[in-house]
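Peer 1: The structure under discussion is supplied below as structure tokens; questions concerning it will follow.
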Amino acid sequence: MRLHAFTLLSLLGLVPSFAAASLSGSVGPLTSASAKAAKKTCNVLDYGAKADKKTDLGPPLAAAFAACKSGGLVYIPAGNYAMSTWVKLANGKAWALQIDGVIYRTGTDGGNMIMIEHTSDFELYSSTSSGAMQGLGYELHAANNWSGPRLLRLWDVSDFSVHDLILVDSPSFHFSIDTCSNGEVYNMAIRGGNHGGLDGVDVWSTNIWIHDVEVTNKDECVTVKSPAKNILVENIYCNLSGGCGMGSLGADTDISDITYKNIYTWNSNQMMMIKSNGGSGTVSNVVLENFIGHGNAYSLDIDSYWSSMSAVSGDGVELSNITIKNWKGTEANGAQRGPIKIICPDKVPCYNILIEDFAMWTETGSKQWYSCQSAYGSGFCLKSGSHHTSYAVTTTTVSSAPSGYSAAKMPLDLSTDFGSTQSIPIPTIPTSFYPGATPYSALMSKQSTKAAKARAVDMSVETPAAASRSEQVVQGASQETSQPAPESAGPVRSVPTGGNRPSRHRHGHHHFWIAA
């Protein structure tokens with residue numbers, strides 16, 4: 001019998017019901033990267049790659065994958081690599097891709113620089129937490145070319161993780177998770193240009209856990225698209241970004257059981273937006289909890305008549321069972337754009353919308369408004385009642401700050417954007433993504449350092465022969481070229497004190513994480 005962590009923990013009363021409903025089962029690869037590497041390691045340098053920032057990495061990467069696709073680890077050592085032809089790595093099983101170098105886009109085709117498809121039991125990571133894809137999108141954007149490639153796309157991938165990776169300046173979207181299942185994405189930094197169409201993370205999949213990710217761009221931060229079910233998004237740092245959202249939503253929308261938790265949004269377009277214009281289908285069972293915002297144009301923005309998208313045939317997307325809880329901070333100008341805007345379709349009004357513990361205040365002026373249309377539930381401008389008929393926009397204006405709106409800021413909040421026509425530097429992955437929240441997993445670079453130190457301590461009590469072998473292992477793990485450090489990889493990482501976590505696969509078995 002297959003058990004799931006959330007089912008067990010919720011029965012024990014250890015996980016809130018909304019969290020238990022977010023994911024439907026375990027996430028992550030079935031086997032560790034170290035086990036994959038032990039079976040076979042395919043170093044791209046052995047297949048013709050050169051870290052000279054000139055030789056095309058595409059063919060060597062494809063060749064290394066072909067050799068390891070049935071089980072093994074494809075290894076890109078530290079160094080600078082050029083990539084002018086894109087790769088589609090399909091039909092792999094029980095394999096991992098370790099990117100410790102920096103891949104620079106040198107080609108101009110559209111599509112996806114790296115696409116993983118029809119794959120199971122997969123892990124993509126950097127053991128140094130500094131591996132990156134540098135899209136150099138500014139080179140195309142300066143010529144008003146916005147049709148360049150995406151950096152990374154996963155399609156039809158199950159039981160996977162992507163972590164400790166940096167994505168920079170994509171010509172188009174940065175990271176798309178398309179029709180995947182049982183996945184985990186974490187410890188990432190994404191930095192794009194200040195222009196629309198340069199999405200951070202887009203996900204339309206089932207049973208996905210995205211956490212501890214920083215995004216800088218002008219469009220989507222971490223956005224759920226249709227169809228999607230059982231998505232948990234938490235500890236997200238939208239650092240001068242477009243902000244998180246759902247949509248754009250069109251015909252036959254099918255989104256349910258979505259949780260956004262611990263979302264920090266700085267100087268962005270919105271804290272959360274659900275956007276549509278016509279269409280059909282449903283969005284249901286959504287929790288938006290623990291949001292902090294500062295300097296954003298919009299805060300909560302549900303707009304079923306969003307004018308920036310062309311109208312879609314249909315009466316509108318039905319929104320129901322949405323909880324907005326514990327929002328704090330400030331918006332840029334509450335008189336121009338109030339912190340609560342819930343505009344629902346007149347033909348299919350929203351219902352069971354709950355707003356509680358919501359305290360935002362304007363940074364400019366001394367008043368703000370709340371606006372609702374055809375929206376039912378509890379809190380602020382929402383109407384109560386079980387008969388959900390349409391009604392015109394109602395707006396409430398207030399001129400005094402709510403109590404408890406003050407909220408912490410992050411020390412790495414950016415003061416300026418990176419434009420879209422100049423080079424964007426490769427950042428480091430932060431170690432904090434939401435005020436007061438400890439990331440679920442330490443960066444792999446820090447884990448490797450701790451492992452090496454522990455190994456060095458153990459050497460002092462080993463026999464001389466064993467100590468010699470241990471020293472060789474430590475030295476090999478610290479090298480940045482020629483050999484991977486598989487002992488630092490794998491689906492099992494440290495558990496922070498004081499919180500519950502979803503279940504990850506552990507060496508082919510389901511492991512139930514219970515916080516100390």
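In case you wondered, yes, glycine gets a Cβ from its N, Cα and C as well.
Got these off Swiss-Prot a minute ago, pasting:
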| type | residues | note |
| --- | --- | --- |
| SIGNAL | 1-21 | signal peptide |
| DISULFID | CYS42-CYS68 | disulfide bond |
| ACT_SITE | ASP219 | active site, proton donor |
| DISULFID | CYS221-CYS238 | disulfide bond |
| ACT_SITE | HIS294 | active site |
| DISULFID | CYS344-CYS350 | disulfide bond |
| DISULFID | CYS372-CYS381 | disulfide bond |
| COMPBIAS | 502-516 | compositional bias 'Basic residues' |
Peer 1: Does HIS294 (active site) have same-chain partners at least 6 apart in sequence with Cβ under 8 Å from its own Cβ, and which are they?
Peer 2: THR265, TRP266, ASN267, GLY329, THR330, GLU363, ALA407, LYS409, ASP413
Peer 1: Find the one among the recorded positions ASP219, CYS221, CYS350, CYS372, CYS381 whose C-alpha lies closest to that of CYS68 (disulfide bond).
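Peer 2: Closest candidate to CYS68 (disulfide bond), judged by Cα separation, is CYS221.
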Peer 1: Provide the number of Cβ atoms within 10 Å of the Cβ of CYS344 (disulfide bond), excluding the reference atom itself.
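Peer 2: There are 28 of them.
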Peer 1: What is the total of other Cβ atoms whose distance to the Cβ of CYS350 (disulfide bond) is within 10 Å?
Peer 2: 28
Peer 1: Between the Cα atoms of CYS42 (disulfide bond) and CYS221 (disulfide bond), what distance do you get, rounded to the nearest Å?
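Peer 2: CYS221 (disulfide bond) has its Cα 34 Å from the Cα of CYS42 (disulfide bond).
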Peer 1: Quiz question: given the disulfide-bonded residues CYS68, CYS238, CYS372, CYS381, which has the greatest number of C-beta atoms lying within 10 angstroms of its own C-beta?
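Peer 2: Compared across CYS68, CYS238, CYS372, CYS381, the most Cβ atoms within 10 Å surround CYS238.
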Peer 1: Among all protein chains shown, how many Cβ atoms are found within 10 Å of the Cβ of ASP219 (active site, proton donor), not counting that one?
Peer 2: 23
Peer 1: How many neighbouring Cβ atoms, not counting its own, are there within 10 Å of the Cβ of CYS42 (disulfide bond)?
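Peer 2: For CYS42 (disulfide bond), the 10 Å Cβ neighbour count is 22.
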Peer 1: Sequence order is fine: just name those recorded positions in ASP219, CYS221, CYS238, CYS372, CYS381 with a Cα within 10 angstroms of CYS344 (disulfide bond).
Peer 2: CYS372
Peer 1: May I ask you to report the DSSP-based helix, strand or coil state of CYS344 (disulfide bond)?
Peer 2: coil
